[in-house]
Amino acid sequence: MSATAEYINQLKQDGDFLTLSRNHEWHLEAGQFTLNNQTKVTVHDTGVIEFEPDCVTSKNVVLSSAIHGNETAPIEICDELIKHIISGQLELQQRVLFIFGNPQSINIGKRFVEENLNRLFNGHHTVDGIAMNDERVRADKLEQYVSDFYARSEQGTYRCHYDLHTAIRGSKNEKFAVYPFLHGKPWKKSQLQFLLSCGVNTVLMMKSPATTFSYYSSFVHGADSFTVELGQVKPFGENDMSRFAKTKQTLTALISQKEVKYPEFNASDFELFSVHRTINRTEQNFSFPFSDDAENFTGFAKGELLATDGDNAIYADVEGEAIIFPNAQVAIGQRALLTVVPMQVDSRFS
Ligand SMILES: O=C(O)CCC(=O)N[C@@H](CCC(=O)O)C(=O)O
Ligand SMILES: [Zn+2]
């Protein structure tokens, strides 16, 4: 029996695509099979599996996790959904592409192996004068799998991508989403309703392009796309999965129902923030004045110190400027901190 036939036999029995992917850190031969309910299953590569039900579909859904390997809760959610689909317990009404982004980084329990995958999308994987590495090659391939998935969709059908993460620090607002820069297009209230149904009531509006997976699928493929932070990073086995029940239910409904109705939009259900600025680390000597326990969304008074980058002291320049994703250990040149300020729903939302 060929190695592909062997892994497919195993996958049909146990549905354990996560373990299969972890056992093939950077590459797995493609393979295909059909479930008893006629759903077509295509393994494109390690960590990349597509399901296509045998019915007319209207949505093309990408669910990614493990873009950072130590962010285990989203991996567990997707692992369970995949197992339920393969066992036939969960019957699909929509096309779905699941991606475990960086299997080797899952195995070593780290955010990344050599380089942060989520800084390599939208073409940033391939740059003149910068040597390729496994993560750069992977980012390139993941873009291709997403492109092909959407290219094979029926014309006029809907595209979305939820890139699931957990944050390094605790957060005052436990679950929050990053809405990639839309280049002036309106933010969608219907997407906020979807996020609310997932248990996410806090959304940050980016105001510039990024190298992230969610920006890529939004900008290049016109997908409704978000980075979704579901809680704080924990090792496998330490996640309280009850905290993700709403997310799991909402994702399940999205892929297993012809149409999902969400409650009517009510601005008071949300806390919305606009990204005020991005602070990059430009010097070896970079530090924050606050402790590692300082939570995301902690606000600073105007004039308070936010960071020191070499000789440059950076102060809050508006009252209540709040910190998101502070990380002094990022590579020089990368984002060490985002700051946000509250915003209201207005005519820029449709
Ligand atoms: O908690 C942290 O410091 C990072 C959590 C994380 O991985 N966040 C994403 C956000 C991506 C985005 O801005 O859309 C990341 O930093 O890649
Ligand atoms: Zn992450």
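Cβ from N, Cα, C; glycine included.
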Same-site Zn(2+) binder from H161, H165, H183, H221, given that TrEMBL records H68, E71: H165
Chain-internal residues, separated by at least six, CB under 8 A from H68 (Zn(2+) binding site): G101, N102, S105, R111, F112, N116, L117, N118, H165
Residues close to Zn(2+) site centre defined by H68, E71, H165, Cβ within 8 Å: S65, A66, I67, G69, N70, P74, R111, L164, T166, A167, V233
Those residues of the chain, 6+ apart, with a Cβ under 8 Å from that of E71 (Zn(2+) binding site): S65, R111, L164, H165, T166, V233
For E71 (Zn(2+) binding site): DSSP state (helix, strand, coil): coil
Protein Cβ atoms within 10 Å of H165 (Zn(2+) binding site), excluding its own: 25
